[in-house]
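The annotation transmembrane segment is assigned in Swiss-Prot to 16-36, 56-76, 83-103, 113-133, 146-166, 168-188, 203-223, 234-254, 305-325, 337-357, 409-429, 434-454 (among others).
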Amino acid sequence: MKNSGSIQESTSSTGISVLIVLALGFLMATLDVTVVNVAMADMKNTLSMSLSGVTWVVDGYILTFASLLLAGGALADRFGSKTIYILGLAVFVMASCLCAASINGQMLIAGRLIQGIGAALFMPSSLSLLAASYLDERARARMFGLWAALVSAASALGPFIGGVLVQLAGWQSIFLINVPIGAAALISAYRILSRVPGKSSRVNIIGHLLGMMALGFLSYALIQGPSAGWRSPVILVAFTAAVLAFVLFLLREISAKTPILPASLYKNGRFSAAQFIGFLLNFALFGGMFMLSLFLQEAGGASSFMAGVELLPMMAVFVIGNLLFARLANRFEAGQLMFVSMAVSCIIALLLFVLISPDFPYWQLAVLMSVMNLCTGITVPAMTTVIMQAAGQRHTNIAGAALNANRQIGALVGVAITGVIIHLSATWYAGAGFAFLMMGAAYSLAALLVWLFLAAHNGTAASEKM
């Protein structure tokens, strides 16, 4: 694949190289979410940070990342996916150096905010570049499965890798490891990725500012709500501002000559349904894993290290699910795989709602959660495939950005609501039961959406050209 050439169907070896290059960026972004969790205590003590301050080390990254994803997709459309991907990687690596060199909490939080900006730039572009490298829909689906497997492996191993790095070289090492990974990704991206020319259309600056404000205020309210109190003035103002900004964003989208999400995407039932399924998936997944990490320690008596060990098999099956999708994609439509996976997840979540009790053994919990997460591992690349097919080649950047934004907001909402459920429950077992019920409701709604909008289209062409 030539550096300046147009996108053509990838050869097998070149296609795998593209996959690895793009996965390196996702690897860094994913690791920096999971490894930070195990380093928070060391950061807090070394930099004399408050609990609220160290929380922002995690949440500040999510705030800028979620708020700027749509803008990242639009910039990739305007200036080219490869250009914005490389720019985002460079920003992320420099921000990692800033984090590692931090001498106080404010400097570390600033570095994390900038890391979120970099991730918001390169993550939408990576999906677009991967989609463009595989024009054959079956091959593209397989590559989405392999790509998701690499990312899932990073998520599963993140806490373990972070613990080893912190133990051997201090918390700074979890950021310094991004330097060699980022350098390899930058050099490889420049040499291997094809140049994707930008479009001459203007960037809807006002629309993006309103979208950023809506996502930013919503993210802030969800992040700060548990500590500040959901009825506190600052949280109520943030929610109100988010709603107002979202309404203005919709009005701007209707009237703008160059809307952020083209009207054809809004009207595409497959695209819209898959986007909402992405929200529901992360809502259930992150809410559930947040609950389990606390449940295993508070109700099960596990240490933080042992809780991580007990969660590992439940997380590792994501990789198996991703790889399984890559094999099943040749035989079944993405919508079929999504429906079966979501239906099974719903049944398991409702079963756990009934069974969870002090007498319920860990091994049964681990088996059921592993099957549920295996289904999620199948669903994620299937959902990505559906969205990229429905968006068409013209809109892959903004489609990928919208998917990532919806999933980030889903994760924030899921964790926030799960926290409220646990807080209001009389016991940890009651809280876990209601959390599983919430997950079952989300998975059932996702399965219904798949049945109505995706599975019914198996006999039609998989792609809807825009």
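Residue 1 is the first one shown; counting continues down the chain.
Positions of Cβ are set from backbone N, Cα and C atoms, glycine also.
Fair warning: this is a prediction, and the values are worked out from it, not measured in the lab.
The list of residues near the transmembrane segment (83-103) in space but at least 6 beyond its ends in sequence, with Cβ under 8 angstroms from a Cβ of it, reads 22, 25, 28-29, 32, 47, 72, 75-76, 110-112, 114-115, 117-123, 125-126, 129, 172-173, 175-176, 178-179, 182-183, 185-186, 189-190, 193, 195, 198. Residues 62, 66, 215, 218-219, 222-223, 225-226, 230, 278-288, 290-291, 294-295, 298-299, 356-358, 435, 438, 442 of the same chain lie 6 or more positions beyond the ends of the transmembrane segment (409-429) yet place their CB under 8 Å from a CB of it. Proximity of the transmembrane segment (203-223) to the transmembrane segment (168-188) is not established, fewer than 3 Cβ-Cβ distances being under 8 Å for residue pairs spaced 6 or more apart. Between the transmembrane segment (113-133) and the listed ranges 16-36, 168-188, 234-254, 434-454, the one holding the most Cβ pairs under 8 Å is 16-36. Recorded stretches compared: 16-36, 234-254, 434-454; the one with the most Cβ pairs under 8 Å to the transmembrane segment (168-188) is 16-36.
Beyond its flanks by at least six residues, the transmembrane segment (146-166) meets 19-20, 22-23, 26-27, 30-31, 33-39, 42, 130, 173-174, 177, 305, 308, 311-312, 315-316, 318-319, 321-323, 325-326, 377, 380-381, 384 of its own chain at Cβ-Cβ distances under 8 Å.
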